[in-house]
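A.B. asks: The structure is given below, and queries will be raised subsequently.
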Amino acid sequence: HRTKKDSRPARVVMTSILYDHVMSPLYDRLVVIWPASVHPNFITSLGGLCCAVSIVAMARGRWGLACACYTAYHMFDNMDGKHARRTQQTSRFGKVLDHAIDGTVGITAACQICCECLFDYPDALRFSLCCGMAAMLICHAAEHVSGIATLGTRFFSADELFILCSLALAWRAAAAVPLLRLGDEAKFFVQFGWVLSLVGLALLTVRELKWLVLLGAFGLFCALCPWPVPVVIYVPCLGAVLVSNALRYSNTTCDKVAHQS
């Protein structure tokens, strides 16, 4: 509980059209299942645990279990913040914990799903992880620069990715094949599209030369350095920008939304 007014700048969240009109009202109804005595960080941690279990389940080919656990993860990820604001338990640590889980096990699971369930490119996991790490850095760099927590665009955001990943897992569990089997000849174009999307997201949301140069340098490390050097660079960089954003912007106005593309 806050004992004095937070003088830090307000943090604004940019969400998608689908989230505003469908998902947010749905989670407003679902979040009441959590008693006020439950701390929001417990919900966040439980979601992270579910996500970690989904990664293990995918590695063992248990796609149905992976689908259930991953879906639980992103449901909890949507409810922890709403529960924190509903019970007046927002905190800087909670914000950092939430995004740290998304930026570690969250992107690991999403990248694995994209490679093995959405597309049939299991050998592209390293490339996918580099794209996922870059996307997280771009989103949080954009928040550092503008104060707007950028989770994607008004048309496609993290929430749409969550749904797509759950659908791909469900398809893999039911049909035993990836959802999109485009063949090896399309692999280059798929990867090029991912890179182009990341470059576009950075140019549209970060808009500060210093940060764009740093993000470009990370991209070069991903392209040129052996694994796991990109991960070793990514982890402290993500941690630093998460802590910086938590100290710089207030959590108390997270329900304000910036309707920008």
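From the backbone N, Cα and C atoms, a Cβ is placed for every residue, glycine too.
What TrEMBL records for this protein is below:
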{"type": "TRANSMEM", "residues": "161-180", "note": "transmembrane segment"}
{"type": "TRANSMEM", "residues": "186-204", "note": "transmembrane segment"}
{"type": "TRANSMEM", "residues": "211-235", "note": "transmembrane segment"}
A.B. asks: Which residues of the same chain, at least 6 past either end of the transmembrane segment (161-180), have a Cβ under 8 Å from a Cβ in it?
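C.D. replies: Residues 54, 58, 63-64, 66-67, 70-71, 74, 77, 109-110, 113-114, 116-120, 152.
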A.B. asks: Any residues 6+ beyond the ends of the transmembrane segment (211-235) with a Cβ under 8 Å from its own?
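C.D. replies: Beyond its ends, the transmembrane segment (211-235) has Cβ neighbours at 104, 126, 129-130, 133-134, 137-138, 141, 144-145, 202-203.
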A.B. asks: Other than its close neighbours in sequence, what residues sit by the transmembrane segment (186-204), given a CB gap under 8 Å and a spacing of at least six beyond its ends?
C.D. replies: 119, 121, 124, 127-128, 131, 134-135, 138-139, 141, 150, 152-153, 212, 215, 261
